[in-house]
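Features of the protein shown, as given by TrEMBL:
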type     : residues : note
TRANSMEM : 5-25     : transmembrane segment
DOMAIN   : 7-137    : domain 'EamA'
TRANSMEM : 37-55    : transmembrane segment
TRANSMEM : 67-88    : transmembrane segment
TRANSMEM : 94-113   : transmembrane segment
TRANSMEM : 120-139  : transmembrane segment
TRANSMEM : 151-171  : transmembrane segment
DOMAIN   : 152-288  : domain 'EamA'
TRANSMEM : 183-201  : transmembrane segment
TRANSMEM : 213-233  : transmembrane segment
TRANSMEM : 245-264  : transmembrane segment
TRANSMEM : 270-287  : transmembrane segment
Amino acid sequence: MKKEYLAHFFLIIESLLYAGSYTVANDASTYISPFELTLLRAIFAAIIFGTFQFISVREKVDKQDLLLLAVCSLFGITISNVLFFGGLARTTPVNASLLTLTSPLFLIVFAIIARGEIAAGKLIGVLIGTIGGVLLVWGDTGLMTNAVNPILGNIMVGASAGSYAIYLILVRPLLLKYHPLTILKWVFTFGILYLLPVWGWGLTKIEWSEFNASIWIALAFILIGITFITFLLNTFALKVLDPTIVSTYIYTTPLFTALIGVFLDGDSSSLSLLIAGILILFGGFLVSQTNEIQKKEIDSN
């Protein structure tokens, strides 16, 4: 099998893992709060990535960059994950998967604020995606009866996407300077420092003995599948394929999430959900394509 085909296969597996996480994490949230779940994920990731970084990289970080890494962790690990898991416990997996696609739209909005200018294609994409997000949050998608507090949950997941967009902006200069394993080790380590003093006691309150097999599987899936395996698959794909090709697979996640919801939970869709999903997907795609056109124009000049 050619490496290119294998890379595409890995990206499909990665997308399926992310899609499954919306349903699986929703099940785990019944026994573990978003705060403790985020803390467990940070501890596991810090140990795993720290070990790999120590073995393969052993890279030192400048003191002035540690502060920026701490801020990156605040937005990319702590705030983003707490809002995501908290929102997922209140909304539906399909809604959550679609709203996470608003991260590129938030990036463009922040770029407008910072630079004061934007390409027409990106602006149109942001507007289309925003309309889709508003329709998804407040529209009648046909899934409201399956959610505890869908409006609040949708807002929390959307805010999580915004927080993660801030993280992507802040971490970019660091990625040009340090190995990804170094970045991941430090952001998750700082995440532990943020969460442990406040919610560490919550780990002792978890009724571990009440966990059935499905909950243990869900927890293992979150820690191993989403935190570790997806990173390895994505890293291999980036070595073989262009980053723009890799990034397009994010748009397959909502489709897989919807299919998983239909088969496992019997979720049903509506015209409102379909329209909202199409608007968000098309808006994000338009932003991405406009960005690539601009890159090609810059390279040609």
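Using N, Cα and C of the backbone, Cβ positions are placed for all residues, glycine too.
TrEMBL does not curate its annotations; it predicts them automatically.
The listed stretches are 5-25, 37-55, 67-88; of these, 67-88 has the most Cβ pairs under 8 Å to the transmembrane segment (151-171). Residue counts for the domain 'EamA' (7-137) under DSSP, helix first, then strand, then coil, are 112 helix, 0 strand, 19 coil. When each of 5-25, 37-55, 183-201 is checked for Cβ pairs under 8 Å to the transmembrane segment (213-233), 5-25 comes out on top. Restricting the average to the domain 'EamA' (7-137) gives a pLDDT of 82.
If one looks beyond the transmembrane segment (37-55) by at least 6 residues along the same chain, the residues whose Cβ comes under 8 Å of a Cβ in the stretch are 25, 28-29, 77-78, 81-82, 85, 179, 181-182, 184-185, 188-189, 191-192, 195-196, 199-200, 202-203, 219, 222-223, 227-228, 231.
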